[in-house]
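Shown next, in structure tokens, is the structure this report addresses.
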Amino acid sequence: MTSPADQIPEATIARLPGYLRVLSALDAEGVTRVSSTELADAAGVQSALLRRDLSHFGSYGTRGVGYEVPVLVREIGEHVGSGIKWPVVVIGVGNLGRALARNESMLGRDFRLAALVDSNPAVVGTTVAGIRVVSDGELEDSIHRTHARIAIVATPASAAQEVCNRVFEAGVTSILNFAPTTIVAPAGATVRTVDLSQELHILAFHEARRTAEQAGSATTQSAQEYQP
Ligand SMILES: NC(=O)c1ccc[n+]([C@@H]2O[C@H](COP(=O)([O-])OP(=O)(O)OC[C@H]3O[C@@H](n4cnc5c(N)ncnc54)[C@H](O)[C@@H]3O)[C@@H](O)[C@H]2O)c1
């Protein structure tokens, strides 16, 4: 398709799985065509944004006809690596790592748990979700053995950068980082950091603004009601 990946905005890439989810559901229902407005509504975005996102991949739809659902499912699926069953190594098998491992569905159907690594001798050797946890000394080996290029880091922040350095050195090029720290990655590698607390703070920001607006309108109202 048209644009090289490094010219596609991250925000566009982040919306692709949402489009694919809606399109796959339509496809499963036997729907063959969808307008940009219908698709945008179902995905919860503006239709102009949807058209712009898809145009990055050369999908422009046809005026009055819309998009061919099976074609778009195949094309977006190829872009987001759908149907590959990517092996994923999880490093740090504490509360979070264990929860992810035990609920593989949280990873989505295109990813499979390939190895679990932890440094705690009390955790090493235990079995989580049918996989034996190996020691951090076996980190590189577990990456080579499973051919994983994606890793999830769920260690404390203090260990995360060193773990990531080793993981990159072993051939991983994509990390989903849960540790609350900024990871420095080599050129050509991708790190996505997930921070629930940051997401909650974004909601709190909007809540604070709504509260301030309500307080402001109440003040304005009472000022208008004031008749000297
Ligand atoms: N992103 C989020 O929304 C979110 C939510 C909860 C927790 N966290 C973060 O995720 C991380 C994990 O949280 P948790 O509650 O599971 O912590 P935890 O202490 O229960 O688990 C951390 C695990 O990492 C292991 N570990 C430490 N150093 C290691 C190393 N060098 N190599 C391999 N394993 C190592 C520990 O032995 C432990 O089992 C923490 O950094 C925490 O702050 C993030």
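Every residue gets a Cβ built from N, Cα and C, even glycine.
Matching 18-57, 58-97, 178-217 against TrEMBL, the residues noted as DNA-binding region span 18-57. Summary: among the binding-site residues (VAL93, LEU96), the fewest other C-beta atoms within 10 A of the C-beta are counted at LEU96. Of the listed binding-site residues GLY92, GLY94, GLY97, the Cβ environment within 10 Å is emptiest of other Cβ atoms at GLY94.
Under the DSSP three-state reduction, GLY97 (NAD(+) binding site) is assigned to helix. Using the Cβ center of GLY92, VAL93, GLY94, ASN95, LEU96, GLY97 for NAD(+), the list of other same-chain residues with Cβ within 8 Å runs, in sequence order, VAL90, ARG98, ALA99, LEU100, ASP118, ALA154, THR155. For ASN95 (NAD(+) binding site), no same-chain residue that is 6 or more apart in sequence has a Cβ closer than 8 Å to its Cβ.
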